[in-house]
Amino acid sequence: MSILSMVEDRPTPKEVYNWRIYLLAAVASFTSCMIGYDSAFIGTTISLDSFKNEFHWDSMSTAKQNLVSANIVSCYQAGAFFGAFFAYPIGHFWGRKWGLMLSALVFTLGAGLMLGANGDRGLGLIYGGRVLAGLGVGAGSNFTPIYISELAPPAIRGRLVGVYELGWQVGGLVGFWINYGVEQTMAPSHKQWLIPFAVQLIPAGLLIIGILFVKESPRWLFLRGRREEAIKNLCWIRQIPADHIYMIEEIGAIDQTLEHQRSTIGLGFWRPLKEAWTNKRILYRLFLGSMLFFWQNGSGINAINYYSPTVFKSIGLKGNSSSLLTTGIFGVVKTVVTIVWLLYLIDHVGRRLLLLIGAAGGSICMWIVGAYIKVVDPTHNQSDHLNGGGVAAIFFFYLWTAFYTPSWNGTPWVINSEMFDPNIRSLAQACAAGSNWLWNFLISRFTPQMFAKMDYGVYFFFASLMLLSIPFVFFLVPETKGIPLENMDPLFQTQPVWRAHAKVLAQIHEDEARFRRDLEESGYTKGNVEQVEDTDRKE
């Protein structure tokens, strides 16, 4: 089987790959549009002259400016960290659908608070609004990947969870370009910097409206004992009847997994909490999930997202307009590469190989950019234009983006959404999202100080971390593409890690063939299907 083949766990009717699952994933992913926009717009908005003038930037020392910038950016991540954990009880008792609604409402309240800020009132409303917005997106970053992964057929689960990442990049693209637009078309004023803050309300409003029409996760309904509603929702999503052999297999697998969990860990609210800290198998996967986000943030991506003007200034770009334009192009590159990742790479190349290639290529690019800054010291360039070396540095920066985006940007979210048992999934995703926001907070809080003290060493620091992630992934992270959620336990128990995927998939195919043979011998004929994808054929 080629690494470029899409892997099905069993013959799948064409009706399963329908527009409904893509629509549900797209609606839920307005959450990530909120996250992406907030991550992108804030760094360039606070660099606008109109913002600096209104909040008396010139009266602050350089150290104070760095501190205030870091606080404005990082209080959002602090809120998101706690929001990710608050999402666990909400997701357990209220479900994924209404959890997403609540996260959008809290975010909207935070965005509204920020709009009340001005020079007379000071930055307090921005700080408070950023914390509330962070609470909302932190909870949303828990609910959305789980919701999508629980709806998705295994063969396209990576693609569907990848819609969450695409939403992040689309929001980021708007966030990067909006400040270039207001800087070019509006005179410095209160409105100029307020408009980027107001645009936050658009994806939040779309999510609130969309959530009213989506279906609750069938797997959550099964977990809560609402069986009839769960089967009804699953049939609607799959577009096949409950007595179809595919549905019989899927419902049977869910029932079997829940029964196993009921007899071991338990299905309540408190038992998973206890199990998470005492069960070595679960602790190990929590460690893997948290470390994936450590390596992701250690690549330097959020230093660039939040402080892109500082990053491009270190390479030698002069002028706010040039910095905003270059940042906008950075957003375009990320979005285009994310679309390729979503449509093809994540479910064909798989998670593991993408992480390895991205870490190796991205590390090389960071070493080159850091070495250029060390040798040339472009910040002392008296010319208004980049020289040849500066252009080359910008090229390697964008090449780093092309390596990083289809690997470490969204793949850790995909893996974390699929590698846990159903009764522990909400708690595990809370821990995963919380760890992302913790590392995110640390990077965003100290990036200005790192650039002030380390200069080119910042790039060497990020390059080293990307290099260290390679043995971690190779020896510890198995491939998960095409593996049903109910089969993650044997996948993570199979050794060696680099052969686990092939071994487990072979066992799944063997079990599925035996199940269908037994059904045929019993006289069951309804719902025979042909496999949609030939998994031994190159796409």
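Note: Cβ is positioned from N, Cα and C throughout, glycine not excepted.
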I'd like to know whether Thr12 shares a side of the membrane with Arg130 - going by the topological domains in Swiss-Prot.
no
Recorded stretch that, among 75-95, 98-118, 194-214, 353-373, 457-477, has the most CB pairs under 8 Å to the transmembrane segment (23-43):
194-214
Checking distant contacts: for the transmembrane segment (388-408), what same-chain residues at least six beyond its ends satisfy Cβ-Cβ under 8 A?
169, 295-296, 299, 301, 315-317, 326, 329-330, 333-334, 337-338, 340-341, 345-346, 354-355, 357-359, 361-362, 365-366, 368-369, 372-373, 376, 378, 381, 469
Helix, strand and coil totals (DSSP H, G, I; E, B; other) for the topological domain 'Cytoplasmic' (409-456):
42 helix, 0 strand, 6 coil
The topological domain 'Extracellular' (44-74), counted residue by residue under DSSP: helix, strand, coil:
24 helix, 0 strand, 7 coil
Restricting to the same chain and to residues at least six past its boundaries, which positions have a Cβ under 8 Å from a Cβ of the transmembrane segment (160-180)?
21-22, 25-26, 28-42, 44-45, 47-48, 144-145, 148-149, 151-152, 195-196, 199, 203, 305, 308, 321, 324-325, 327-328, 330-332, 334-335, 338-339, 341-342, 346, 405, 409-410, 413-414, 417-418
Find the member of 75-95, 98-118, 286-306, 353-373, 457-477 that has more C-beta pairs under 8 Å to the transmembrane segment (194-214) than any other listed stretch.
98-118
